[in-house]
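Per Swiss-Prot, the features are:
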type	residues	note
BINDING	Ala513, Glu514, Gln515, Ile516, Gly517, Tyr518, Pro519, Val520, Ala521, Leu522, Lys523, Leu524	ATP binding site
DOMAIN	487-523	domain 'ATP-grasp'
DOMAIN	726-881	domain 'N-acetyltransferase'
Amino acid sequence: MSQQGLEALLRPKSIAVIGASMKPHRAGYLMMRNLLAGGFNGPVLPVTPAWKAVLGVMAWPDIASLPFTPDLAILCTNASRNLALLDALGAKGCKTCIILSAPTSQHEELLACARHYKMRLLGPNSLGLLAPWQGLNASFSPVPIKQGKLAFISQSAAVSNTILDWAQQREMGFSYFIALGDSLDIDVDELLDYLARDSKTSAILLYLEQLSDARRFVSAARSASRNKPILVIKSGRSPAAQRLLNTSAGMDPAWDAAIQRAGLLRVQDTHELFSAVETLSHMRPLRGDRLMIISNGAAPAALALDELWSRNGKLATLSEETCLQLRQALPAHIDIANPLDLCDDASSEHYVKTLDILLASQDFDALMVIHSPSAAAPGTESAHALIETIKRHPRGKFVTLLTNWCGEFSSQEARRLFSEAGLPTYRTPEGTITAFMHMVEYRRNQKQLRETPALPSNLTSNTAEAHNLLQRAIAEGAASLDTHEVQPILHAYGLHTLPTWIASDSAEAVHIAEQIGYPVALKLRSPDIPHKSEVQGVMLYLRTASEVQQAANAIFDRVKMAWPQARIHGLLVQSMANRAGAQELRVVVEHDPVFGPLIMLGEGGVEWRPEEQAVVALPPLNMNLARYLVIQGIKQRKIRARSALRPLDIVGLSQLLVQVSNLIVDCPEIQRLDIHPLLASASEFTALDVTLDIAPFDGDNESRLAVRPYPHQLEEWVEMKNGDRCLFRPILPEDEPQLRQFIAQVTKEDLYYRYFSEINEFTHEDLANMTQIDYDREMAFVAVRRMDNAEEILGVTRAISDPDNVDAEFAVLVRSDLKGLGLGRRLMEKLIAYTRDHGLKRLNGITMPNNRGMVALARKLGFQVDIQLEEGIVGLTLNLAKCDES
């Protein structure tokens, strides 16, 4: 998340080209040519002993002779000289360097050298970067690009060149175009942090092949996507493609889960990528998912409709008033419906009349206009008419409009006109629908991330007991636990299993069956045979002692014949579960090499191929995220919405997934968990067969997760001056209703001191941003008092750190009727201790001069107080290092 050096890379004031050349096709020549042609208005310093000047610019023989230190250096020499040149640049004080080429064998030394001098590196093997707003073309690309508001970050030079060529033909602009190369130092997460605050960037497109730090990526992407749409294309979905790219990219469903969790949108191929670029370049915010389609032919509209249905899209329904107006304005033979087919003899006037009526209505959220080549309404003429209608209509600048002028030659000019007018345009009906559904899915992802999670009922967790059981099993040398052994661990987290007993032989199996009652099931116990079905190691519905004895002996005999070396640890004996009307599910937790633990949900009783048969989520899960996973599974037909007799209990299954998530987050010893089958019967969920793989773990528990979980260890009970006890804890997404109630009990004056303006009401989005925080980037502590099985918030303090984790902005607010109890001071002390322990250097805040209570508290806590009467503010700064010393 560090931003150190990025300003010098992306907005350099001076550039040195190391290895500049006058020989065409040399890297140093191409880089100099592009820098000078791009219009960069700072000094460009060619460095080469071979030439006195390069392209008319005075050259310098070596780095030491440069008249001043450049912000950015670009290495265009033979890779064998990289280390020596980087050392010389570091000694000169250069802040950033682009390395165009370097073998893998140099990577460690290059990175060590850069860190020694606190220099940032882009690359190696980077195409470079383009920043049109700075007139900067520090790349090999000969293609000039226009200024725009779309930023593109790519891990592939080939894809970068393709996009550049495509964008030039369409005169599409960019704010930044950055080719990362091998991402030895500067990586995608840091660039996302930078671009999220860049005023010239309104949308971001990523091409990714791999990640070096999934946690940092998810954190940065989630933060950036709250304000700007981000689309991702990820290659290497198959193992074969991963081998070709020489990456260890992990499971593809894990990427889907991470992208959704961060609020991004994934596109699947280059065709969708180009549509996405068009959409992001001209997109207006989407209000909903209702689409209205206008066409001058039934067939193109039908193609669009088929694609919309295949993607679970939604058509708008026209009101009676709108239908009446359309009937009066259009010829009688036109059927008023959606899609609205104006027929192949439709003139430009028909399009204009239709648009005027629809734009005045509130019946749709997006409008798709299709035009097929027609003598009655030439493409260019119709495009002009549409553009003028949009410009003059009062709602024109607010409507989400997508245009599809079919054909190639006859529609080129029309598409150019749409691009100039800032209207997205596509070549095919299907491509237009794809672009629309991108917008819908992005909006859904963002909305889903901001939903307030429900508080799950009756969740239990006994972390200490689970840890003790796992540590005892590991100490005894166990690597895998079966259903009987894992029962107490699951019970510690409120997960129900079918009662299970162990029998060492057939006689003991009969004895247990007599005790628990028939019918029963027998299951083989062997650490050497993971799949019992391979030896028919599971026998069901055994109704008599004779059947149990025969089945037990048969299992033992089959193992001796098929697996003579296998260790046999007896049999599991279970009562037969009541499967009438029940649904069999499967819940698996696996460790992904990139994203860590994954929670997978699918149907039971099938061969397990997660890429095809499961939906995947990253822990930790709350009720919202778990419910979204279940609904996603139903929509994608990975699980059924009902059994033969009853519907699936979505809330109950969501709660079970939250319990599994809590278990995985709390217990890093768990390497893999397989609950199969999980029997869903009405509101009851019972694990019939469970396998748990375990291993010692002595690292940082949280570091293995792609999303930082709720930090339980920061909870603390505090006694106020009046003797009441309250809990100081990190804020939770579920706190939104209590936070709204808390704010209602704060006076307008106190709110004005806190927010520097009069606020009548906080929206759901405001409160979601306050409660659904990324604990890696900010912290908010709430003081809560528990009364009658409910919690009320008494005070809140918050700190938001910068990406470099140096400074943090703080704020504190206490309920107005509870002042004088020391609550504000205790909350601030809690926040100061946290930020200091988190490695931050300074804590900064502002208040008003007449907020005397806050100013006095700040002085008592050691803050430097800077009263700026002319500005009407008081600056508060605490040096955390000095605070630590004191």
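Every residue gets a Cβ built from N, Cα and C, even glycine.
Neighbour counts of Cβ atoms within 10 Å were compared for the binding-site residues Gly517, Pro519, and the top value is held by Pro519. Of all the binding-site residues listed here (Ala513, Ala521), it is Ala521 whose C-beta has the fewest other C-beta atoms within 10 angstroms. Mean pLDDT, taken over the domain 'N-acetyltransferase' (726-881), works out to 92 on the 0 to 100 scale. When the binding-site residues Gln515, Lys523 are scored by other C-beta atoms within 10 Å, Lys523 scores highest.
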